Amino acid sequence: MSYYFKNLKPDLNSDVEEDDGNLLESIMANKSKREIDEQESSDDELKTLSFGSLKKAETIIDEEDFKDTKPVHKKPITTTYREESFDEDDDSEDKSDEDAGFFEEDSEDETHHGQKVPKKKSKHAPIEQSSKKRVPRVRNIPGLEIPRNKRSNLYQDIRFDKSTGKALDSSIIRKRYQFLDEYREKEIDELQKLLQDRKFLSKIDQGEREEMEQRLKSMKSRLQSMKNKDLEREILKEYESDMNKNNNTRYHLKKSEKRKVVQKWKFDHMKAKQREKVMERKRKKRLGKEFKQFEFHNRR
């Protein structure tokens, strides 16, 4: 029952206005007493709280105010950072339900926005690479890759490397490095002297001796082939210069014609015994071809 009905007294003959005024005064007095009692009780509760709990409550309120006023960043906050903040504020979450609800909302937003969805600008755009990633020391430069069939040959001549530019003419390269023939001849002479020395041969085994002989043979054949190419180049140069003396337009020989010119020059400058050997070799070769064309060779 309300306070108004409790204070009603039976058999009162006073005026209604006076009763109403007294009633209002009594209500206001009771209300002021109640407020004073509540203030005293709240002060007593604050006195019983420790400084640590008051400090935690103050930090929570400051964080809430800072997050309300903080501008929204485009970059989302990672979930690991939020988990660390949970560990720090475990006590405050247990005490207040409001704080727990606040952190739950933040975690939901982070899980929603935490995953970065890659977006492609254009299909014709160049490849993007992070500047934070270290560049490897060994890189595949486009245009300089070694094909698979030539990867076994690791040691290549730098004169024919693609990085130096276009491939030059072999005649120009030969002129530049023709002085190396002297070193090759000296090396061949030294190797021949070693193979003729009996003391040196007694110190090495049979395998090393065969290897040295094979190397000497290959060096001689390589040097001879270089000299033969130089001779053929000079022959063709003289022939073309004689042919184009009185011509306004320069005429160049085909490969088949070049081969015939070189063979003719060599045959003319051979000795009699060498010519006989060459003619005998060609005759045997021709007879062998004719013999293979007989009918009994085609039987199965």
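Positions of Cβ are set from backbone N, Cα and C atoms, glycine also.
Residues or ranges marked as phosphoserine in Swiss-Prot (evidence: similarity to another entry): Ser14 (among others).
The phosphoserine annotation in Swiss-Prot covers Ser41 (among others).
Summarising the annotation, Swiss-Prot assigns phosphoserine to Ser42 (among others).
The annotation region 'Disordered' is assigned in Swiss-Prot to 60-146.
Taken from Swiss-Prot, the feature compositional bias 'Acidic residues' applies to 85-109.
If you look up Swiss-Prot, you'll see 114-124 marked as compositional bias 'Basic residues'.
Long-range neighbours of the coiled coil (203-232) within the same chain, counting only residues 6 or more positions beyond its ends whose Cβ lies under 8 Å from a Cβ of the stretch, are 170, 174, 181, 184-185, 187-188, 191-192, 194-195, 258, 262. Feature annotation from Swiss-Prot assigns coiled coil to 203-232.
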Taken over the coiled coil (203-232), the predicted model's pLDDT averages 93
